[in-house]
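Some features that TrEMBL has for this protein:
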BINDING   A:E44, A:E69, A:N97, A:D119  S-adenosyl-L-methionine binding site
BINDING   A:K123, A:D155, A:T192, A:E193, A:Y194, A:E195  substrate binding site
There are 2 protein chains.
Amino acid sequence: MRLRNKPWAKDFMEEHPDILINEDEEVVRDWKGIFNNENPIHVEVGTGKGQFIIGMALANPEINYIGIEHFDNVIVSALEKAIEAGKPSNLRLLRGNGAHMEELFKQGELDRIYLNFSDPWPKTRHAKRRLTHESFLARYERALKKKGEIHFKTDNRKLFEYSLVSISAYGMILQEVSLDLHVEMPEDNIMTEYEEKFSAKGQPIYRLEAMFNN
Amino acid sequence: MRLRNKPWAKDFMEEHPDILINEDEEVVRDWKGIFNNENPIHVEVGTGKGQFIIGMALANPEINYIGIEHFDNVIVSALEKAIEAGKPSNLRLLRGNGAHMEELFKQGELDRIYLNFSDPWPKTRHAKRRLTHESFLARYERALKKKGEIHFKTDNRKLFEYSLVSISAYGMILQEVSLDLHVEMPEDNIMTEYEEKFSAKGQPIYRLEAMFNN
């Protein structure tokens with residue numbers, strides 16, 4: 001993603017602590033307190049400009065959603081969208097690093113993790129940075145309830161091939177696989193910004209659901 | 001595959017018992033005796049017109065290959081090709097039903113099973129007939145050595161999606177996945193007749209390698 005410099009980003013984020021949380025705030029790890037209910041928690045790692053997580057929050061008010069994004073200049077776009085959407089009470093944006101999941105969530109706290117159009121890190125020496133590398137799967141497994149699920153979409157063929165093998169090698173069970181999601185679009189599919197763009201070009205969108213076998 | 005009636009097929013097959021074996025012959029189940037060596041045995045279930053298995057036999061003389069095909073009118077084309085190729089001593093064509101693997105092979109006798117462009121059986125009520133249905137996976141597991149492998153190619157997206165889920169649910173480990181095989185064609189890829197045809201039309205070829213986790 002091309003990152004434009006947005007010098008106003010920091011101030012703008014600080015003006016909306018009711019929906020945007022920084023990973024170094026003390027409140028982190030008290031998600032039940034933040035949402036003030038016992039509803040299931042679904043997390044998107046790498047939430048980008050937020051179209052997916054905000055759409056999900058609006059469509060499913062009985063589920064709590066947290067969108068994690070590392071880059072200030074990207075998460076401010078998600079923040080703008082969330083404000084436009086009326087700041088749904090079941091949504092929080094978390095400015096932080098997906099690799100820090102151990103500090104961000106208690107063990108077994110989450111019900112589902114979404115990965116959408118993650119950076120493919122095509123070079124083999126960068127494989128560890130892919131969000132479906134075994135080191136990330138181990139973080140997800142810890143943060144998720146037993147038999148927790150990952151839902152993953154991408155347009156990147158090589159990343160999807162890698163992810164199928166990585167997820168299988170980890171001992172996870174593939175529950176759903178689509179190799180051209182938009183041919184038979186599920187009614188409840190909420191598109192990301194990337195998904196709209198690549199799908200409009202006729203590129204296939206790959207999707208899987210996998211369950212930890214623990 | 002369109003099946004033309006070939007009234008001469010039966011006589012022609014009976015003239016070449018040195019390379020074509022019928023599943024009801026007594027010799028079946030003594031494959032070491034048939035090949036007269038201890039080399040690994042690789043089987044293709046649904047060998048069609050034989051281009052793949054004959055190509056493999058010629059390319060890898062230190063491996064024994066058995067191509068199983070149910071239909072007389074198809075296997076005679078494989079027989080013709082095998083004769084043209086000089087009847088490689090490490091190749092046998094087996095006229096029979098892949099569902100009869102328990103009668104065709106001893107437990108743990110095989111090293112690898114190939115499935116190429118198998119019938120997709122698209123209707124849900126026919127799922128049991130797909131060669132990657134769990135009932136077939138159980139047959140392959142029995143006939144293969146421990147940690148035995150299945151190598152599977154198809155142009156059929158829905159069959160491949162189904163197969164990824166079925167193989168994963170069975171507890172097998174995906175070792176390799178390609179969602180567009182011909183983009184980075186492996187040097188040792190031997191094409192089937194279908195593969196040549198569909199690939200020439202620009203359709204992606206899907207391929208996986210999976211290992212039984214036993």
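Cβ coordinates are placed from backbone N, Cα and C, and glycine is handled just like the others.
Annotated features taken from TrEMBL, shown on the structure.
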residue : record                               : Cβ contacts under 8 Å, 6 or more apart
A:E44   : S-adenosyl-L-methionine binding site : A:F52, A:I53, A:M56, A:Y65, A:I66, A:G67, A:I68, A:I113, A:Y114, A:L115, A:N116
A:E69   : S-adenosyl-L-methionine binding site : A:G46, A:T47, A:G48, A:G50, A:I75, A:A78, A:L93, A:L94, A:R95, A:G96
A:N97   : S-adenosyl-L-methionine binding site : A:E23, A:I68, A:H70
A:D119  : S-adenosyl-L-methionine binding site : A:G46, A:R129, A:R130, A:L131
A:K123  : substrate binding site               : none
A:D155  : substrate binding site               : A:F117, A:Y194, A:E195, A:F198, A:S199, A:Q203, A:P204, A:I205, A:Y206
A:T192  : substrate binding site               : A:G48, A:Q51, A:F52, A:N116, A:F117, A:K153
A:E193  : substrate binding site               : A:G48, A:K49, A:Q51
Within the same chain, and leaving aside A:E44, A:E69, A:N97, A:D119, name every residue whose CB is within 8 angstroms of the centroid of the CB atoms belonging to the recorded S-adenosyl-L-methionine site, in sequence order.
A:V45, A:G46, A:T47, A:G48, A:I68, A:H70, A:F71, A:G98, A:S118, A:L131
Let me know the DSSP-derived helix, strand or coil state of A:E44 (S-adenosyl-L-methionine binding site), please.
strand
Assigned element (helix, strand, coil) containing A:Y194 (substrate binding site), judged by DSSP:
helix
